[in-house]
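Okay, structure first, notes after.
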Amino acid sequence: MSIEIPAGLTELLQGFTVEVLRHQPADLLEFALQHFTRLQQENERKGTARFGHEGRTWGDLGAAAGGGTPSKGVNFAEEPMQSDSEDGEEEEAAPADAGAFNAPVINRFTRRASVCAEAYNPDEEEDDAESRIIHPKTDDQRNRLQEACKDILLFKNLDPEQMSQVLDAMFEKLVKDGEHVIDQGDDGDNFYVIDRGTFDIYVKCDGVGRCVGNYDNRGSFGELALMYNTPRAATITATSPGALWGLDRVTFRRIIVKNNAKKRKMYESFIESLPFLKSLEFSERLKVVDVIGTKVYNDGEQIIAQGDSADSFFIVESGEVKITMKRKGKSEVEENGAVEIARCSRGQYFGELALVTNKPRAASAHAIGTVKCLAMDVQAFERLLGPCMEIMKRNIATYEEQLVALFGTNMDIVEPTA
């Protein structure tokens, strides 16, 4: 007697298993009820529920648990949103002439299944499970490495001893113009921090490819492929001679992944409570937690400055932030020539306007008292918050109304036309 397994059942159960291993729920039955109810609600909301009596299958519902319908990012057109790299390693489409490498069929659910296969639990791993790796460095090399790593969000929450271990374990990799640092479809072996040089990001999807972004002497890539045991979903190619700092998979998982697991426990509930992130799927919200960093500002300290280029997006975790804008020739201005236009408190966000419109910062932000913010860099913002973009774009109209009331003009903050 042969029993036919319904299409998609395996994927559906794998997805559930991953979530159970990740959260370790005390009440498994209640967790299962919430998990499958959430899947059903997400599919109904999108109008893509795939089960019933009209040729629909639970398999399509299972696929939705791993990523669902592709969404558009901020600076990308007509490409599916990927979310397996902090700085674009796993972005979207690649140049049509990028036939030198073959792209795998990218499905976020099947990639997540490999997490279950590896069965890595950072809560159970002993600190000394792996011997410490040390690559000797000259004073000049270590100084350059520290400078390259100082703005890497993944390292922000490491204590001094953990950071020292990371620096010891990193090794220098020199690259030539045209060299492929990582290739789409390969297994993740190292996390890379750019010391110097320029690099292009190529992605091939559905037979159509293009360059989707680039790095200019700064940035990092490759971390989420190591965190989730997923294949590379992009090719990073050097466009000039340069140098990278690499961190091996073992050290990365022992230090970064374990530290990130602690951070995830701290911030999961906070991220899920934010209304503007409701359009993200559960797995996408978890990846937001993975890429955010924490920044603390003292009273009066400037967080962003009007006219500066945009590199980060901020969510207020605690405290209050004052948003001001300079406008000459107005009597209402403060001594520094700026008018207060808004205040942001816990759960509210700022800094998104420049990222949405691709223009310099339209306003400044200062801390009122001690302020703690969650920060996300521009690459992660573009990659992970695509589904939230319509909400943020709708806010532009509100900003314009406020500016017209204050200055008699919208200050030309609207999104530029292409």
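The backbone N, Cα and C atoms fix where each Cβ goes, glycine too.
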Among Ser114, Ser279, residue with annotation phosphoserine (source: Swiss-Prot): Ser114
Average model confidence [pLDDT] within the region 'Dimerization and phosphorylation' (2-153): 57
Sequence-distant neighbours of Thr294 (3',5'-cyclic AMP 2 binding site) in its chain (C-beta under 8 A, six or more apart): Lys156, Asn157, Glu317, Lys372, Cys373, Leu374, Ala375
Inter-residue Cα distance where the pair is Ser312 (3',5'-cyclic AMP 2 binding site) and Arg218 (3',5'-cyclic AMP 1 binding site), in Å: 14
Cα-to-Cα gap, Tyr202 (3',5'-cyclic AMP 1 binding site) vs Leu384 (3',5'-cyclic AMP 2 binding site), nearest whole Å: 18
